[in-house]
């Protein structure tokens, strides 16, 4: 059983997601319809997984993601978005969300994603894998950075397979690796992306003299 | 001007009249400044009156001073009305005002020296140029205002479109979800909603990646997205995010090759197949991967087909990519068939 918080401004959606999760035996410990409510209820509810819509009326899902992770770094955020605004999705992942799902996913896919997110697995769609590959390409083409920021060949290979719709199981079989190893590689790519984002933010803060405050 | 004329009052044959003219000019200056301040009072009548005052002051100079005077009473005071005309009526106004001032300055003189000639020349050339510059500045300001208004309107439209799209996508996703859960006819409705949802999302992404760069370069990611949405096979497109700008010819050939891959999927796997297209862009090359979830090509079949000289689709894919100086490789297994097309960007 996973304790879940659902943040979405469409009541119809919130109810549907809540119903599906409860039917699958999970507990919905809190719901919120905007960023303010979400931040007010998040500390007390302490959910294992937050299912978060990217478009909220008062703040962006990106802001909510970083505020939640600042408050509780062990929190897991699964982005559930209708429109697939590419830039927003990438920003939310860089801010620390570990999963992304489009709203047209079936309820079985949603429940599977919530369980996997709670287990600490990274939930990728092919579209997200393509964006992450593109982002690492931009990092690689930028000013020379820490080689630890770059993807290894294996990680790139696996992300490419995720981006062409292969499941972790299929990838494991094709590369003759264990399922766990494939998962670790995918998680590593997210960790590197989030790390790079923090490094960039810190560098920006130092350049702008914000560290002296 | 008042001080200068007072200092040189010995030059005047009629000092009292000269003083009067100078005082009138000073009063007129104060009045004109007040009149010009308000846009509604800046009428042609005011400009004509302003010029008339100056021309009158010029015209009375030979009588008030002496027929062989050196400087006119207003002197460089004429510049005020000259600029007013240039600003208001642009180069035409500048030309008319400068021509009249030059004529009224030169005609009463008994002799024209180098200095008079130089001043007249500057006035005549300055009028139209200042007028022309004012015109350009005013036009640029108008164009900038129009561009700012257009940009603001476009931003607002985009914002509204986002809100509308988000709402529509929510509903389509909902219909798809509930429909497939309810089964029967509802499932069909759900499937249709799913198709529309994918189409709309793809359109929004294409709109986000509209190329801004001129010179025959087009966005490959958007072009792939558009082609894939229209293709009968269910296709998911993954792009690096943002526009991938390449030459129009490269984009057209690459899209055609990817379409051939998808046609192949339709022919060999069937209409229920799903395909994935991944576009990657590096500074030196673009790579497009196309994978399907079919049973794969039995090993040796491609080679056998090649030796029998009937390669069909595979050769059309290879041909297009090799024409661009790139490579096309195919790999197959239990996980399906995957084409990888790499095109150098030279």
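Yeah, the Cβs are placed from backbone N, Cα and C, and that goes for glycine too.
If you look up TrEMBL, you'll see A:3-118 marked as domain 'Response regulatory'. Residues in the domain 'Response regulatory' (A:3-118) partition by DSSP class (helix H, G, I; strand E, B; coil) as 56 helix, 27 strand, 33 coil.
Here the domain 'HTH luxR-type' (A:144-209) is broken down by DSSP into helix, strand and coil counts: 51 helix, 0 strand, 15 coil. What TrEMBL records for A:144-209 is domain 'HTH luxR-type'.
For residue A:53 (4-aspartylphosphate), the same-chain residues 6+ apart in sequence whose C-beta sits under 8 angstroms from its C-beta are A:7, A:8, A:9, A:10, A:13, A:61, A:79, A:80, A:81, A:82. The 4-aspartylphosphate feature in TrEMBL is assigned to A:53.
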Tell me, what is the mean pLDDT of the domain 'HTH luxR-type' (A:144-209)?
85
